[in-house]
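What follows is a single structure, written as structure tokens, with notes after it.
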Amino acid sequence: MRIGIIGSGNIGGTLARLLSARGHEVFLANSRGPDSLRELVADLGPNVRAVTVQGAAREGEVVIEAIPFGRLAELPRAELDGKILVTAANYYPQRDGQIDLGGRSEAEYTARLLPGVRVVKAFNTIWFKHLAQQGDPAKGPDERRAIFVEADDPEAKTVVSRLIDELGFAAVDGGSLRDSTRFQPGAPLYNRDLTGREAREALGKGS
Ligand SMILES: NC(=O)c1ccc[n+]([C@@H]2O[C@H](COP(=O)([O-])OP(=O)(O)OC[C@H]3O[C@@H](n4cnc5c(N)ncnc54)[C@H](OP(=O)(O)O)[C@@H]3O)[C@@H](O)[C@H]2O)c1
């Protein structure tokens, strides 16, 4: 699959490595432009190309954003129109400044910034080093490390869940964008190192 990744830091860089290693074609962007990514893409190998932010949004069938929450308004709306956008961002006021979410979850706020975009929240509640190390396709879904996925678009949620499974994690349905408050900073399920079984149990879904 062609995957655009906006943000080439801890989370974006890790996802570029993991997804390209599984054979996906990755289009990687940051705020400073493709030239600044030359060394990183050379290290990541032939499946990863450095592009502009607009290029990553245009080229990706699925686009992942892994940038600070306070910069989300800079995402290219026109190029993302109709696309699946995975949002990994978390809101930290001390880093991102005061933002009025208007009573919305962080993912609902993101979806409101980007009307027409199929927003899926995922990868926000796993530390990037665990993301790099804990995927294990040899394990069954109950034993794998869980990654929660929330969306209002069931098809988009399925596409992203398949990618998560491919990386050797257990995609666990966390419900709607509204429900994603359960997986935000400060919530009990944020950054918990849970297996698929434990995660479903924590959501009251059993195994
Ligand atoms: N660190 C984690 O383990 C972790 C886990 C889950 C979720 N998250 C969330 O994921 C997001 C990224 O975290 P991180 O730790 O990966 O951050 P990071 O290492 O600081 O990387 C941030 C990346 O975003 C890029 N960026 C910033 N503003 C941009 C813009 N307007 N357009 C395009 N790219 C932009 C930066 O580009 P430049 O390099 O050019 O500045 C950089 O590549 C945050 O919201 C964080 O809360 C982090």
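If you go along the chain as it appears here, the first residue is 1 and each next one adds 1.
Keep in mind that glycine also has a Cβ here, set from the backbone N, Cα and C atoms.
The compositional bias 'Basic and acidic residues' feature in TrEMBL is assigned to 194-207. The feature domain 'Pyrroline-5-carboxylate reductase catalytic N-terminal' is assigned by TrEMBL to 2-91. According to TrEMBL, the region 'Disordered' annotation covers 175-207.
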Tertiary contacts of the compositional bias 'Basic and acidic residues' (194-207) (same chain, 6+ residues out, Cβ under 8 Å): 141-146, 148, 170, 172, 174, 182
Secondary structure tally of the region 'Disordered' (175-207) (DSSP, helix then strand then coil): 13 helix, 2 strand, 18 coil
Rounded mean pLDDT for the residues that make up the domain 'Pyrroline-5-carboxylate reductase catalytic N-terminal' (2-91): 98
The domain 'Pyrroline-5-carboxylate reductase catalytic N-terminal' (2-91): DSSP-derived helix, strand, coil residue counts: 40 helix, 21 strand, 29 coil
